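Below you'll find the structure, written out as structure tokens, and then a few comments.
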Amino acid sequence: MATSASSHLNKGIKQMYMSLPQGEKVQAMYIWVDGTGEGLRCKTRTLDCEPKCVEELPEWNFDGSSTFQSEGSNSDMYLSPVAMFRDPFRKEPNKLVFCEVFKYNRKPAETNLRHSCKRIMDMVSNQHPWFGMEQEYTLMGTDGHPFGWPSNGFPGPQGPYYCGVGADKAYGRDIVEAHYRACLYAGVKITGTNAEVMPAQWEFQIGPCEGIRMGDHLWVARFILHRVCEDFGVIATFDPKPIPGNWNGAGCHTNFSTKAMREENGLKYIEEAIDKLSKRHQYHIRAYDPKGGLDNARRLTGFHETSNINDFSAGVANRGASIRIPRTVGQEKRGYFEDRRPSANCDPYAVTEAIVRTCLLNETGNEPFQYKN
């Protein structure tokens, strides 16, 4: 399996420099979503002192013509800090800074989906929407070959790998453990991890997060994963169907509840929300991957624990349905439901906004409603 040249550099030499004192200065790594709607970019600046909150962080700029976000003739774009985390790579007092992107005219960039999501979340803040997202991903060599797979063939059939233990079942656990600890250090709300059904496929869970924070924490968790994989010389892909054939795809199952759903007899509100979702299936399919449903078409086949992309379905404990009500929720008659349709490479802001629009703002039809200021 091919690994990156950088992973073969002597890390001990790097550590000699990283252990040097930095005085009162702080390194802040600014992170943003690029013009693909999937890729992340970052760059670092020096601050004179440690910021205590995100409001103390300065705005910055970058060359949007090199990130698929603007033309070269008018390429300056703005980075507006919206979330701050501890930096697990440089350690305290250094920071990771997640940013929204704005164009030269101060309008949000096309892939800045956080801007509209924040507005929608503010409209329903009194209902306290909680989200939890289950991020699946696949580890690959730099040659695009799945990590740990035979160079001239395939591993044994699916079955022993889900939550598997042992060198012949768990491929890449060191990366998973490093990512988990780095997220905890950063302050990302990571709640668990497990090996998935396909070998070299893993999952981590983020949440519960209220409102806009769901997207903030998931994007930063993805960034940390990419950086950890960079150190190990491998790639983490969020492609929803990285290997064709009889192998599971990768999703980002999204769990959702409101205060009313979590309280006694909340199942009534869960069922009402599912009924609303059933009448707006195609709108959600378009929102649930960056290519308007084309990526998910490779994954949502009705096989490998997925629903069919053309049909809406719901059921208790049914992993072949669009919407799953966990068995414990059915028994306790309160809790949350799981939307199993979002793809692994979805934008969490698009997913959570769509759910709120349909379930809480009672929107119908195939287009989002345009609210006045």
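Each residue, glycine too, has its Cβ placed from N, Cα and C.
What Swiss-Prot lists as Mn(2+) 1 binding site is GLU134, HIS253, GLU338, and the listing cites similarity to another entry. According to DSSP, GLU338 (Mn(2+) 1 binding site) is assigned to a strand segment.
Long-range Cβ neighbours of ARG319 (ATP binding site) (same chain, at least 6 residues apart, Cβ-Cβ under 8 Å): GLU305, ARG340. Secondary structure at ARG319 (ATP binding site), taken from DSSP and collapsed to helix, strand or coil, is coil. The ATP binding site annotation in Swiss-Prot covers GLU134, GLU203, PHE204, GLN205, ILE206, GLY207, PRO208, ASN255, PHE256, SER257, ARG319, ARG324, and the record cites similarity to another entry as its basis.
DSSP classifies GLU136 (Mn(2+) 2 binding site) as strand under the three-state reduction. As annotated by Swiss-Prot, Mn(2+) 2 binding site applies to GLU136, GLU196, GLU203, with the evidence given as similarity to another entry.
Swiss-Prot lists ASN246, TRP247, ARG319, ARG340 with the feature L-glutamate binding site. Under a cutoff of 8 A between CB atoms, and with a sequence separation of 6+ in the same chain, the neighbours of TRP247 (L-glutamate binding site) are GLN158, MET198, HIS304.
Annotation source Swiss-Prot lists ADP binding site at TYR336, PHE337, GLU338. Using a 10 Å Cβ-Cβ cutoff, PHE337 (ADP binding site) registers 25 neighbours.
Annotation source Swiss-Prot lists domain 'GS beta-grasp' at 24-106, citing sequence analysis.
This prediction places the mean pLDDT of the domain 'GS catalytic' (113-373) at 97. According to Swiss-Prot, the domain 'GS catalytic' annotation covers 113-373, on the basis of sequence analysis.
Note on ALA2 (N-acetylalanine): other Cβ atoms within 10 Å of its Cβ, all shown chains, come to 13. Residues annotated as N-acetylalanine in Swiss-Prot, with similarity to another entry given as evidence: ALA2.
In sequence order, SER70, ASN74, ASP76, MET77 are the residues near TYR104 (phosphotyrosine), counting only same-chain partners six or more apart with C-beta under 8 A. Feature annotation from Swiss-Prot assigns phosphotyrosine to TYR104; the stated evidence is similarity to another entry.
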### Message
Give me the CA-CA distance between GLU134 (Mn(2+) 1 binding site) and PHE204 (ATP binding site), in Å, as a whole number.
### Response
6
### Minimum Cα separation from ASN246 (L-glutamate binding site), reported as the residue among binding-site residues GLU136, GLU196, HIS253 that achieves it
GLU196
### Message
Taking 10 A as the limit, how many CB atoms besides its own sit near the CB of GLU338 (Mn(2+) 1 binding site)?
### Response
19
### Query
Can you tell which of the binding-site residues PHE204, PHE256, TYR336, GLU338 lies nearest to GLU196 (Mn(2+) 2 binding site) in space, using Cα positions?
PHE204
### Query
In the structure shown, which of the binding-site residues HIS253, ARG340 has the fewest Cβ neighbours within 10 Å?
HIS253
### Number of other Cβ atoms within 10 Å of the Cβ of TYR336 (ADP binding site) across all protein chains
20
### Query
Out of PHE204, PHE256, which has the highest number of nearby Cβ atoms, where nearby means within 10 Å of its Cβ, if these are the binding-site residues?
PHE256
